[in-house]
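> Quick paste from Swiss-Prot:
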TOPO_DOM  1-9  topological domain 'Periplasmic'
TRANSMEM  10-30  transmembrane segment
TOPO_DOM  31-40  topological domain 'Cytoplasmic'
TRANSMEM  41-61  transmembrane segment
TOPO_DOM  62-77  topological domain 'Periplasmic'
TRANSMEM  78-98  transmembrane segment
TOPO_DOM  99-125  topological domain 'Cytoplasmic'
TRANSMEM  126-146  transmembrane segment
TRANSMEM  148-168  transmembrane segment
TOPO_DOM  169-343  topological domain 'Cytoplasmic'
């Protein structure tokens, strides 16, 4: 019986052993070489070999079922299993190629968020197409599948409203692009501030400034305001200089000197608003407003530029013989009778 089995399926057995040998040789060859060479050709050839092996094995099993009158299984079941295995392998290979494409786009400098959303949309499309083709292959009508999908979608929607809300909000985040991975964001409505680490289908992961992970449901972003300081073009420097009242005669000169210093400062963006004006009589000081923008948006560089501006302001004030005011009170005493000398 075994001899007859081998004789009648010699071609299938040769195909199986030859395909397995080809897989082993391919794996050995690519393991010795560069892993980056596992591109479209590698996966296509590997998928073809897997398909040949599965088809040959299925053919042998069907031969055994038909010739030995096996009752516990039918050729239709074997065809279903083989087709399912081929569909799963095809899906895996396509997903691997999509992941490689996504990594290549990111390495080329493309936006991470855009690359990921395109990758996920293509994966979802592949799954839907394969399910429809798979069902049609086994005699299910396309209209029936779509009707079943609509009813199932309605049931899932009613049972998982919050999940679907997060899902569709995640899609809108990808298309509206209020922020991208790596952006610093914060919300004045909620206690949310940090760097965007990941935008998922259901939640967005934010790393706070003390390196704690914060997971925010995507649906929340549709009902709150989100500020994206990471996309600002400049950073602002604003402060108030308080001079003493006895330095009133020097205020105008100091204002002009500070304004000139800012106009010539290499870190200050001259295309943006630059204001230096005496603007307030305070209780203990004559206040000068300073308002300008740096060219950089990097926090550390902005702090260095702001420090340099402040130090130069101190030098200007002191070089003009003036000084900074501090809260003080002056007590005037008039017509005071000295106490009588004790006898």
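Each position is counted from 1, following the chain as shown.
The backbone N, Cα and C atoms fix where each Cβ goes, glycine too.
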> What parts of the chain pack near the topological domain 'Cytoplasmic' (99-125), using Cβ distances under 8 Å and only residues at least 6 beyond its ends?
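The answer is 39, 171, 174-175, 177, 180-182, 199, 201.
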> Taking all residues of the topological domain 'Cytoplasmic' (99-125) together, what is their mean pLDDT?
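Residues in the topological domain 'Cytoplasmic' (99-125) carry a mean pLDDT of 75 in this prediction.
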